[in-house]
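Undergrad: Input: one structure, supplied below.
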Amino acid sequence: MTTEVGSETEVKKDSDQLGPDKAKDKPEEASETPENQKSKETLSEEVKDSSSIPAPTSQSSPGSQKKEKTSPESKGISRFLPPWLKKQKSYTLAEPKDETKKRTTGEQTAEEGECQTPEGVSQPKKSLEVLAAESQQNAKADDKEENHSVSSAETQPAKEDGKETKVEQVAEEKEEKPEGKEKKETKEVQTAETKPENIPQKSPKKIKTVQCKVMLLDGTEYSCDLEKRAKGQVLFDKVCEHLNLLEKDYFGLLFYENSEQKNWLDSSKEIKRQIRGLPWIFTFNVKFYPPDPSQLIEDITRYFLCLQLRQDIASGRLPCSFVTHTLLGSYTLQAELGDHDPEEHRSDYISEFQFAPNQTQEMEEKVAELHKTHRGLTPAQADSQFLENAKRLSMYGVDLHHAKDSEGVDIMLGVCANGLLIYKDRLRINRFAWPKILKISYKRSNFYIKVRPAETEQFESTIGFKLPNHRAAKRLWKVCVEHHTFFRLVSPEQPPKAKFLTLGSKFRYSGRTQAQTRQASNLIDRPAPYFERTSSKRVSRSLDGAPMGISDPSLLRDFHATGVQAAGDKGIDSEAAGQAKLNEGGEDGSPVKTPQLELTQDGKSNSLRVDGENIYVRHSNLMLEDLDKTQDDLLKHQASISELKRNFMESTPEPRPNEWEKRRITPLSLQTQGRHASRAEGPCTGVSDADKSSHETLDIVEEKKQAEVGIEEIILIDETNKGKMQIATEAGETCKVEHLSKKDSSSLPSDSSSSSSSSESEDEEVGEYQPHHRAIEEVIREEQEEEEDMKRKEHEEKTQHVEATPESSKLNVPVEHTQVTAEDLVQENAVTIATEEKILSEEIKQDLGEEKEEEQLRLNGDVSHVDIDVAPQIICCSEPPVVKTEMVTISDATQRTEISTKEVPIVQTETKTITYESPQFDGSAGGNAGVLLSAQTITSESISTTTTTHITKMVKGGVSETRIEKRIVITGDADIDHDEALAQAIKEAKEQHPDMSVTRVVVHKETELAEEDEE
Amino acid sequence: MARPGRRRQPMGARLAAAPWKCAWWGANGARPGRGRRFISCQGRRRSRPPVPLAILPSLLRVPPCSMAGLGGGPAAFGRCTHAVVRALPESLCRQALRSAAGPEVDFARAEREHQLYVGVLRGKLGLQVLELPADESLPDCVFVEDVAVVCEETALLTRPGAPSRRKEVESMKRVLESLNLNIVEMVDENATLDGGDVLFTGREFFVGLSRRTNQRGAEILADTFKDYAVSTVPVHDSLHLKSFCSMAGPNLIAIGSSEAAQKALKTMQQMSDHRYDKLTVPDDAAANCIYLNIPSKGHVLLHRAPEEYPESAKVFEKLKDHMLIPIANTELEKVDGSLTCCSVLINKTPEL
């Protein structure tokens, strides 16, 4: 489409207005002779169709047929199109040539409805849905009138052109619809930008169109003309309309760079820019395999899914056993042939079908036997059975990508609905569920995932994989982003706003998520569309989806012509089927090119890579090797907390004046806020036992950041250090990252130059995506490992230390520090004794590295806490006065405590300590004792909360560092939601000291265990 | 310990259909096998019936709506009609491989325990037990599990990690062929696999990479059972993966408490798309139990006797829905034998 984004708004409008009208118009269509009228009508109809939800189906099919008809007719007329129709501002330069070409070639030039634009712009935007709904309700007569007026206005330019415009317009409209709802916001932004362009566009220009071929799942081909600058969505909508498919979000269009590398067409971007000179040939495929196909609303959707799976199976992409092959094959037969008929179905009727990559006689016999047993199943039922079985296959919906691990071993990365799977040969050697993945990124040809720490680990780790080339890495990254968004989120994330110095792809999945599509699908209200199941015989399908090149343009034209005829009276399917074979023979094998591009890029990235970037790729297996150190056992992993940690660690506080002193920590707020403030963290399953008392200590060290850098850190993990992790996070690496980013930016131009001058954001070397776990999302979470853990947790006591350190010294924090701290034993022994309802706890904390400070806090006179905090690492010792407690890992807490507490009949307590530290934790704390400038302790007591704050100032090498240590002790009965409180505490700390960063959080928790614990 | 009423069934005609298919059996406790006869191949080799090698999907007879491939889904997990066992040779006492030196096996007692074990399978649970004769030249031959992995209608004959055991496969092959299973042999010289390292959960396979099983063996297993995900689990401190874990229910993994066991469990949890419940027992050896789903009895669990592992037995006793059958295995345990080691369980569906 000429207008692209800009036109969207217009289109919307049109569709709104037109949509309702169309219903009326339709009947009229036949009678109306004027071309533009016709075109209008068709448009309107199509619009309706696309909006589909409200529109009656009966209309849709005629509409589509019409469209088909018209488009061919337009061929001839296209020549006469006035150039001004096409006018795209940007095109202006190139346009004249194009036009001439067009005319000479005599190709069909389907013009976009530029004419629409003026109106569209002027009219207020409404969301399609609203409009559609309104339109339906409104009196049709009114609509009609409106329509006419509108149409006339719009078509004025078009009239001259003739029908050609219709097709394009329709396409545009379609495009709008799907995006309109979900993406409104983003689009609006875009539209705003583009509008100015549109207006000038009015100037007469010709729009160049291109013919597209789309290989459909039933082996047939669909072709249409597209405006050269059309976006992917236009084509996709056309195809879906052609297929009469409403639940289209599971599908997508592929284009092949070569036989191996398939790319998904991004519907929000121009096609031309994505395919970059490749032939306009696409493959319609399932993009997101629904984990439970029975939840699809329409049989037709399931049918296409079946077709896809049959392809997958026959091509070997979806491996299955002999038995499964036969079973699935028999369902295929039942769906396509109906009941087994001994008369009709003789011995070898099956061999025409392909059920398996290598099909044997024996298999066919079995299939036939099974086929007999399915008597009575309708095609739809047979499809459902097929899917029920296919969905259980372990490779169902797994999108495999070749990669290498750090040792250069070939592995496969499989992206699926649940996460990322790592295969070596056939074996699954690791798996990262989406909830476990904190960030996905790629850089050059490396692909990284940052994963949540395992229970026994303290820090997040990043795992890197080497992909064949940059584009492969990016492709994988995009697929991951899309899958995560589609399956895990309720609504798509907004693409990140451009920041200063931001590099990296801003790509985000822009379509509907599964949740949204399900919701939308529930609104589908049309009689089940009729469709014909074409037989999936061997002959008629290209199984491997190999890329096809346009071998012979004339073929296309033929196809088109026949298409017209067929469209007239037959159903879409049959039409398509009829022509299916036309193109197959010639095109199947024809190689598609552009390995060149790949190569150059490769070389480039390699050379670029040298520049001081240390990327250690960690062996994927390592994740599984626990750190068996004892201290690690003491460090608990807690999902929600780590999420919080991630949040605060990764967010870069903006530099602000040092205000922290003004805002003294006010314990009161904590109390109050601690209770509500529901946050994005994990589901806080309430307290299970009233007897429990727990106690958490948070050490939050805030650190001031110097500057904000768009790129986040790349975490390097040295494989050789297993057990020890080197982690550098943002703050620590600020310098380095900046470094990198500079290099990147300098290197970028060269890189992009190799690819093409029109390098879009796609070319960027770096992409990052942090799966955003929102509150809503938690609802979806299936199998969070954490859930289990959370149940038992609550904390009544919380101690929080906030340590703040001024920026300065932090910049080049050596990774070693982190390591050290990681190894440090964070030990805390605290004892909580609950006598009846009171809790007596004692804790000692000492800060050795700095000035020692001790406090004793008394809660209700019964509780006293003394913590001993040793410099960077906190070592808290406590002798259990009464009850013997153990440090236990969460997972087996119940067991061990059970044992340990046997001797002490009174109470069982569970003690947990969780420490989080920012890696940049600077050595100064340990080395140079700072000068304590102020130590203020604000203690507020309520029933349950005590907050203690230490503020230490140190001057080190001319730079002063302020450290705030905040301890919050929360004591109480079961009511406290510790996650919430922790979140609150961190949030508050950040709010209070926006210019600082939190470098450490220690959660120490003591819980009385209920007598009986599950498990 | 419940002692099965009759341990030996007279030889007789093979049942045409799996007993559990018959709906008219009483649900509670009525012995399915009453009045019926069970085949026993004890002590003699059964000639192989000349049936064409046909592999039929399970579930053929099931009405379409409940039809499910892939083993019939989780609901069918633990279904079993046949069991293959093998008598113990006297050479076992001295020559059997063992991971640690220890007291010698009391053969008589070992035999008694084994007979009890077989008796439970046959008499109490009504399985058709195919008992292979002992072979004195194969001291470890009683541990049939290691030489074959059977899932649905497909059997993979393994290449045991211990060279001295490779010949055990031969007679297993014959008996499996007699059941018309689709048989796959592991011929790759580089592959080793012990069945004891293979944990099938009903949804996927976990293969322990131990001294007896290597990556290649696991790959072949994955190639054989293509429908299922096959994940590898490093096993360091024990002989087999199933030395410290097993399935105790359709979605329930019994797991020992040792560090190694817990670590392996974590690995498995991480690798799996499914959520399994876990049943943690104090003793690793006790975590090896046999779960069966016998139509007339529901969930059946064969576990180690309280005399051997009292604490673990208590844990099992908390399983309310299971019919619990404690079985002693003190003697074979001395040579690393566990409960699952001594049988290959097969679910044969009636043919068309």
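Cβ atoms are placed via backbone N, Cα and C, with glycine included.
Curation does not apply to TrEMBL; its annotations are automatic.
These came from TrEMBL, pasted as-is:
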ACT_SITE  B:HIS240  active site, proton donor
ACT_SITE  B:CYS341  active site, nucleophile
BINDING   B:LEU97, B:ASP140, B:GLU145, B:ASP146, B:ARG165, B:ARG212, B:VAL335  substrate binding site
Undergrad: For B:ARG165 (substrate binding site), what is the tally of other C-beta atoms lying within 10 angstroms of its C-beta?
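TA: For B:ARG165 (substrate binding site), the count of other Cβ atoms within 10 Å is 22.
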Undergrad: When you measure from the Cβ of B:ASP140 (substrate binding site), which residues in the chain that are at least 6 apart have a Cβ under 8 Å away?
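TA: Looking at Cβ-Cβ distances below 8 Å from B:ASP140 (substrate binding site), excluding near sequence neighbours, one finds B:LEU92, B:ALA96, B:LEU97, B:ASP146, B:ALA162, B:SER164, B:ARG165, B:GLU168, B:VAL335.
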Undergrad: Neighbourhood of the substrate site (B:LEU97, B:ASP140, B:GLU145, B:ASP146, B:ARG165, B:ARG212, B:VAL335): other residues with Cβ within 8 Å of the Cβ centroid, in order?
TA: B:ALA96, B:PHE143, B:PRO160, B:ALA162, B:ASP194, B:GLY196, B:ASP336, B:CYS341
Undergrad: Which of B:LEU97, B:VAL335, B:CYS341 has the fewest nearby Cβ atoms, counting only those within 10 Å, among these recorded positions?
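TA: Taking B:LEU97, B:VAL335, B:CYS341 as the recorded positions, the minimal 10 Å Cβ count falls on B:LEU97.
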Undergrad: I need the most crowded of these recorded positions: B:ARG212, B:HIS240. Count other C-beta atoms within 10 angstroms of each C-beta and give me the top one.
TA: B:HIS240
Undergrad: Out of B:GLU145, B:ASP146, give me whichever of these binding-site residues has the highest number of other Cβ atoms within 10 Å.
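TA: Comparing the binding-site residues B:GLU145, B:ASP146, the most crowded Cβ belongs to B:ASP146.
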Undergrad: Rounded to a whole angstrom, what is the C-alpha distance between the residue listed as 'active site, proton donor' and B:ARG212 (substrate binding site)?
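TA: Answer for this pair: 8 Å between alpha carbons.
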Undergrad: Report, in whole Å, the straight Cα-to-Cα distance of the residue listed as 'active site, nucleophile' from B:GLU145 (substrate binding site).
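TA: B:GLU145 (substrate binding site) and the residue listed as 'active site, nucleophile' have their Cα atoms 5 Å apart.
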Undergrad: Whole-number Å only: compute the distance from the Cα of B:ARG212 (substrate binding site) to the Cα of the residue listed as 'active site, nucleophile'.
TA: 14
